[in-house]
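Asks: Pasting the feature list from TrEMBL:
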{"type": "SIGNAL", "residues": "1-21", "note": "signal peptide"}
{"type": "DOMAIN", "residues": "7-252", "note": "domain 'Nodulin-like'"}
{"type": "TRANSMEM", "residues": "66-93", "note": "transmembrane segment"}
{"type": "TRANSMEM", "residues": "99-125", "note": "transmembrane segment"}
{"type": "TRANSMEM", "residues": "137-159", "note": "transmembrane segment"}
{"type": "TRANSMEM", "residues": "165-185", "note": "transmembrane segment"}
{"type": "TRANSMEM", "residues": "205-224", "note": "transmembrane segment"}
{"type": "TRANSMEM", "residues": "236-257", "note": "transmembrane segment"}
{"type": "DOMAIN", "residues": "326-539", "note": "domain 'NFD4 C-terminal'"}
{"type": "TRANSMEM", "residues": "339-357", "note": "transmembrane segment"}
{"type": "TRANSMEM", "residues": "408-425", "note": "transmembrane segment"}
{"type": "TRANSMEM", "residues": "437-458", "note": "transmembrane segment"}
{"type": "TRANSMEM", "residues": "470-489", "note": "transmembrane segment"}
{"type": "TRANSMEM", "residues": "517-536", "note": "transmembrane segment"}
Amino acid sequence: MAGQSRKWMILVATIWIQAFTGTNFDFSAYSTKLKSVLGITQVQLNFLSVASDMGKAFGWCSGVSLLYLPLWVVMFIAAFMGVIGYGLQWLIIKQIISLPYFLVFPFCLMAGCSICWFNTVCYVLCIKNFPVNRALALSLTISFNGVTAALYTLIANAIDPQNETVYLFLNSFLPLLISAIALLFILRQPPPSQLTTDMISRDSFIFLCLNVLAVITGLYLLLLNSLSSVASTARFLLGGAIFLLALPLCLPGIVSARDWTWHNIRSSSLFDHLSFSLVSADNLELFTGTSSNGNSYSVLENERCFSCFRCFGKVMYKDRLTMLGEEHPVQWLVRRLDFWLYYIAYLCGGTLGLAYSNNLGQIAQSLGFISKVDSLLTLYSSCSFFGRLLSAAPDFLHDKVNFARTGWLAIALVPTPVALFLLVASGSEAALRSSTALIGLSSGFIFSAAVSITSELFGPNSAGVNHNLLITNIPLGSLLYGLLAATLYDDNAEGTLRTILGEEMVCMGRHCYLRTFFFWGCISLVGLVSSSVLFFRTKPAYDRFERNTNSIQSS
């Protein structure tokens, strides 16, 4: 009983860590001020955002560190990297110290690396303590990474609504504080235990309740954040947000009273119809076979290609995945078309959304909505949060909607091109807000769903290494997309408007990002096509898994 209570306490601690360490979403909140203080161009500013995203390329270091260091030590290493990385940027913006541009770059890199290390810690906590409901635990905790900007906006406004540097101070200090609080729960991890069918159903019901509470938290932050421009109001709203984040702590009481709860709920037949069939590591092992010649990627028999679509048929059927959960070492992974289709879909979807959020401050400024940056950032963050929550839909709706997770990925990519071409058509505030919400929703879903997709397609035991290989597209995409946007921005800024200091070039008008939105929209269509092809190639593998699961359950 005590062990069951402690695992839910750890889940709450993981939620807190994620909620206060998603600092890669609030770069736009201080990027304009940082650009002004350093006196740099938009291209140079883009390289700083790329440095932050490049930290994710070193995510594998956290996994290696966990082989030799306790988990709590890795967590505090991440916290202190954030203190140094963000803290020195805060000192620069406050003009307490002065550093040349090339020295600011490694500090941005260190700050971005801290986020990835925190994420690795959270993934390990979820996988270790919730082996059966792993997908639900991951999607729930990862979703809270999307509320960081909204929470920081509340806290910043509660301290001083007029101070643009508070964000960086919070980025530096709060993750360390939350790590110290979470340590109290992490040090008391329960021993592994075998779960009964009743306990699995009970845990699924609790996850359902937690997701409902998460939706309430997200709506609270989204709808009431616009009222936080006054410090006294912001403090009151911040108290409500902290209460909602602390509310899941009642779960240990629910676990302690599980006998009474189970008896009453079962008598009402609620659990008779409530079951979630997840593609967990245990289930995958039932259908994973070994093959020395790669037969799991062999061409399916009795499939023919029409002569007029021969090239299309080769793409669709050649060496496609036919079995879920087979372990893929890196040297095998990089030779598979399914992985590169997945890589391109992520690169042209979620990573593009992150590049959009990094440029949101300058986009709003160029369109004349500089005063709306905080609210736009909160909107993007909150919609990213809801998108991450929606990534659990395949698990909750599995019994009613049998649809491959790669198909959900393709659907999630649809809002991004719609949003970007909407910005091409209109530069109004309504268009900007609608597009920001759609891109946040789409990218949030992709960020969260990708962890489970990587595990299902290429093996749960290799997921840590394989997923870190996948997210190398984040610094790559951040560099390419940001460089494209910054180059076009600086070209349009020349001769248009300069600040009083005469150093910082500022572009004003729709033309500043018009071509960028068009190019980004075309790129997102490439991602949509890639994800669609991936879905059709992997659909037989998901169908086979479903048939095998049904046959085992019926036998």
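Placement of Cβ uses the backbone N, Cα and C atoms for every residue, glycine included.
TrEMBL: automatically predicted annotations, no manual curation.
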Asks: Do any residues, 6 or more residues outside the transmembrane segment (517-536), come within under 8 Å Cβ-to-Cβ of it, and if so which ones?
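Replies: Here the qualifying positions are 315-316, 338, 341-342, 344-349, 352, 355-356, 404, 406-407, 409-410, 413-414, 416-417, 420-421, 423-424, 481, 484-485.
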Asks: Summarise the model confidence on the domain 'Nodulin-like' (7-252) as a single mean pLDDT, whole number.
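Replies: It averages 82.
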Asks: Which listed range (66-93, 437-458, 470-489) shows the maximal number of Cβ pairs under 8 Å with respect to the transmembrane segment (165-185)?
Replies: 66-93
Asks: What residues elsewhere in the chain lie close to the transmembrane segment (137-159), defined as a C-beta under 8 angstroms and at least 6 residues from its ends?
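Replies: Distant contacts of the transmembrane segment (137-159): 11, 14-16, 18-23, 25-26, 29, 119, 122-123, 126-127, 129-130, 166-167, 170-171, 174, 207, 210-211, 214, 217-218, 221-222, 225, 228-231, 234-235, 237-238, 241, 374, 377-378, 380-389, 391-392, 395, 440, 444, 447-449, 451-452.
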Asks: Counting only pairs at least 6 apart in sequence, do the transmembrane segment (99-125) and the transmembrane segment (205-224) share 3+ Cβ pairs under 8 Å?
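Replies: Between the transmembrane segment (205-224) and the transmembrane segment (99-125), which are separate recorded stretches, there is no contact, as judged by 3 or more close Cβ pairs.
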